[in-house]
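Feature annotations, courtesy of Swiss-Prot:
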type	residues	note
ACT_SITE	His316	active site, proton acceptor
BINDING	Leu9, Ala10, Ala11, Gly12, Lys23, Gln69, Gly132, Glu148, Asn163, Asn214, Arg286, Lys304, Tyr319, Asn330	UDP-N-acetyl-alpha-D-glucosamine binding site
BINDING	Asp97, Asn214	Mg(2+) binding site
BINDING	Ala333, Asn339, Tyr340, Ser358, Ala376, Arg393	acetyl-CoA binding site
REGION	1-216	region 'Pyrophosphorylase'
REGION	217-237	region 'Linker'
REGION	238-426	region 'N-acetyltransferase'
Amino acid sequence: MSEVDVVILAAGKGSRMKDDLSKPLHKVAGLPMLEWICRAVRKFNPKNIIAVQGADEDFSSYVDETVVQKEQLGSADALRCAFPKIDAEKLIVINADMPLMTENDLVDLVEKGEGFDAALLTADLKKPFGYGRVIPVGERNVVEQIVEERDATADQKKLHLVNAGVYLFRADYIKRAINNVTTDNSQSEYYLTDALPGAKIVQVADWHDILGVNTQQQLAAVSKIARKRINDQIMANGVTMIDPLTTYIDANVLVGTGTIIKPGTVIEHDSVIGAENEIGPYAHLREKTVTGIDVHIGNFVETKNAKIGDHTHIGHLTYVGDAEVGQAVNIGAGTIFVNYDGKNKHMTKVGDRAFIGSNSKLVAPVEIASEAITAAGSTITDNVDQHAMGIARQRQTNKSDFWQRMPHEDFATEYDAKHDQRDDQP
């Protein structure tokens, strides 16, 4: 494959999202859309990834180079802004709001575009509204014209072959051809599609890959597709999901073979789940949760930045945050790892085979040694040594005849009287 630069068009204002976050930074399955694009293109080792951004944006942490489009004058003008950074023989141009685009789509574009000055990805859509229509030259697989939705005639709107917004160009060709692009359209903008007559048409295998995001509803739709793809891949690797439709796993999560994931589970980015785990139902494994082999994380358990050793059981109603938990530990229901002092987060360490009693509160920084115990209901603020039991609660006192002092006595008397009357009825 020839050297290729990638230009990501990311300068659009994204006003239809109706929020203050830059559109390319909206997340799909835990990753910004811009990162999805970068992950796809990096797989074929481009020479440079260049983002064209607005004056108020900074995408430098995602790409190799950035350039600013000072005015929104159209896609051709955006690409022109990137010309000083282009050094390779060919370039791929792609919009920043296409998180479902795959490496295979881009490789197919490069391979089938060989020998052409330009090529573009297309899809055959049953409902093409909103997309530019691709008009081919007769039966040939090359472009005669691309017409944007707002500029199309009634007959052109009936066409189903649409422009995906992903292009391959010979650099020398597009640097010449872009000078012939005019603003003779309804938007008075420089359309990059006007430089595509004669371009090779390359159709994607899965039309979902070309879906773009302009609204919150579209963001939700592509997120649903992305999560299904993630779940399908995880299940293909030997993981059981009781209900994939209610299992939400981010893109950069690893799950080991033989693990069972129950409904309502959420597993967030940078987490690694070991083999033979049982997760859920209704478990929330937040970022940087790492589990060993044969770990059980049950219903209504939340973890974050936690390393959990082999054979450990965290059954229910527990928060484990900023923690290192050893092997074969039992953490009872209602346990809270108290990790935040109002300013800083602190670590809790629990050694192998420790037993944490129900409703314990471990106030970090604190360490529970191997084979140590905390008594149920304790608030542990000091380290507990090996083989010791930490108890931090007041001894129980029973006060006799206390019921009669409470208002419950009158209520109970009235309740009993009413039920006695019902029992007397035939």
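Even glycines carry a Cβ here, placed using N, Cα and C.
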Inter-residue Cα distance where the pair is Asp97 (Mg(2+) binding site) and Lys23 (UDP-N-acetyl-alpha-D-glucosamine binding site), in Å: 7
Mean of pLDDT values spanning the region 'Pyrophosphorylase' (1-216): 95
Residues of the parent chain within Cβ reach of the region 'Linker' (217-237), under 8 Å, 6 or more residues beyond its termini: 17, 26, 28-29, 36, 99-100, 208, 211, 244, 247-251, 253, 255, 257
Tyr340 (acetyl-CoA binding site) in three-state DSSP notation: strand
By Cα-Cα distance, the member of binding-site residues Asp97, Asn339, Ser358, Ala376, Arg393 nearest Tyr319 (UDP-N-acetyl-alpha-D-glucosamine binding site): Asn339
Neighbour tally for Arg286 (UDP-N-acetyl-alpha-D-glucosamine binding site), based on other Cβ positions within 10 Å of its Cβ: 18
Binding-site residues (Tyr319, Tyr340), the one with most neighbouring Cβ atoms at 10 Å: Tyr319
Between Ala376 (acetyl-CoA binding site) and the residue listed as 'active site, proton acceptor', the C-alpha gap once rounded to whole angstrom: 15
C-alpha spacing of Asn339 (acetyl-CoA binding site) relative to Ala11 (UDP-N-acetyl-alpha-D-glucosamine binding site), in angstrom: 40
Local backbone state of Lys23 (UDP-N-acetyl-alpha-D-glucosamine binding site), from DSSP in three classes: helix
Whole-number Å value for how far Asn214 (Mg(2+) binding site) lies from Gly132 (UDP-N-acetyl-alpha-D-glucosamine binding site) (Cα to Cα): 15
Sparsest-packed among the recorded positions, when each Cβ's other Cβ atoms within 10 Å are tallied, from Lys23, His316, Arg393: Arg393
Largest tally of Cβ atoms lying within 10 Å of a Cβ, found at which of the binding-site residues Leu9, Ala11, Ala333, Ala376: Ala11
